[in-house]
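Undergrad: Pasting in a structure now, in structure tokens, and then I'll have a few things to ask.
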């Protein structure tokens, strides 16, 4: 029933992914050995969205784990839920991609990709009605970005009508792990624009800010960041896994959020975010959730929605609440901040309600917005890319793996096109649309 196949690649992807499985196992009452220890029938009703049931009654995640070096895999395997995964679904090489996109996409990754695809096929054949794939990866490194995008394009060829959702960690503006991040990210975006259906854009710096500012953590670890991400990931699919009054799924999400096919990069947020100590003092109300979820400080990527306009947005509420109140709040947000929504898409906020809240909360909400301000992120990466590419710095690492400079130029111009598309729709007004069509007609001739 409506399965989602989960794929995680590279160090970042595997760490986010394993955190995500901890959250989902917890929600469905599945212990680290795969046995069901929950208390409610609802946990089992649609457990097969993410799990296969083995013959002995144990639940095995429908997950494929890949990396070009064994290190992260070993730590996943020895982690709290390491024993739950199917051992054959760990696919890894030995050499590593060394933060080099070309190695992940063309050389090392290309050697490993067939064994990954075999596992993906095997998992997909197990499914009743496969809804789509979710991929966790980062765009700054070599494996998640290079091999991740290679896998996405291969899956695209083989399953063209299934949804492809990615959780992509972009390089942060101030915090950089590797000097070649702008190259890797630009080459990846070039692929994601063409081959993914929906990209949830995350970045470490924004997550750090949330940890400092809202959660009051003095020294946030990657574990804390990944916890935020996994809360959002679980929120995106809760409608598939638990009954609700207003359901959404990956395809409905896409139809409601993507006005133009290339503009499928979303900012995500989660509410309520409270510091660990002060959780018990919070009474949650729908207005409070709404306020926190639309707050620019809560966005998990370093772009400020106040600098652009929302093309569309989707709010997924969880918990027992009145749908009437949810609708009122959403209309309220749009009326009060009408300048931040494009006027040529009327009622552009979709809401959905799922009855089961996350563990330890009475209600929660996940926010997904398609805002033109996401271009800040692409523009920033693009500037860093150009600065290095003008001097052809570090290029030999890529050309040495058989890449051509043309590919870089193409990726760069594709990214810049994306930025200007966002800008064009940010500036568009309802009555200007006619002029655009005239202009386009002239250009086409």
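Easy rule for this one: first residue shown is 1, then count along the chain.
Cβ coordinates are placed from backbone N, Cα and C, and glycine is handled just like the others.
Quantities reported herein were computed from a predicted structural model and do not represent experimental measurements.
The GTP binding site annotation in Swiss-Prot covers 11, 69, 138, 142, 143, 144, 204, 226, and the record cites similarity to another entry as its basis. Per Swiss-Prot, the feature Mg(2+) binding site maps to 69. Residues or ranges marked as compositional bias 'Acidic residues' by Swiss-Prot: 429-445. Taken from Swiss-Prot, the feature region 'Disordered' covers 422-445.
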Undergrad: Check each residue in the chain of residue 143 (GTP binding site) that is at least six apart in sequence and keep those whose C-beta is under 8 Å from its C-beta; list them in sequence order.
TA: 9, 10, 11, 13, 66, 67, 68, 69, 96, 97, 104, 109, 137
Undergrad: Under DSSP, is residue 138 (GTP binding site) helix, strand or coil?
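TA: Reduced to three states, the DSSP call for residue 138 (GTP binding site) is strand.
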Undergrad: Find, among the binding-site residues listed as 138, 226, the one whose Cβ has the highest number of other Cβ atoms within 10 Å in the structure shown.
TA: 138
Undergrad: Going along the chain, which residues six or more apart from residue 144 (GTP binding site) have their CB under 8 A from its CB?
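TA: Once residues fewer than 6 apart are set aside, residue 144 (GTP binding site) is near 9, 10, 11, 12, 13, 104, 136, 137, 138, 169.
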Undergrad: So how far apart do the GTP binders 11, 69, 138, 142, 143, 144, 204, 226 get, largest Cα to Cα in Å?
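TA: Taking every pair of listed residues, the largest Cα separation comes to 23 Å.
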Undergrad: Over all shown protein chains, what is the count of other CB atoms within 10 A of the CB belonging to residue 204 (GTP binding site)?
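TA: 26, counting other Cβ atoms within 10 Å of residue 204 (GTP binding site).
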Undergrad: Check residue 11 (GTP binding site) against DSSP and tell me helix, strand or coil, would you?
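TA: In three-state terms, residue 11 (GTP binding site) counts as helix.
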Undergrad: If I restrict to non-local contacts, at least six residues apart, and a C-beta distance under 8 angstroms, what lies near residue 142 (GTP binding site) in its own chain?
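TA: When sequence neighbours closer than 6 are ignored, residue 142 (GTP binding site) has 10, 68, 96, 97, 98, 99, 100, 101, 103, 104, 184 within Cβ distance under 8 Å.
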Undergrad: I need the most crowded of these binding-site residues: 11, 69. Count other C-beta atoms within 10 angstroms of each C-beta and give me the top one.
TA: 11
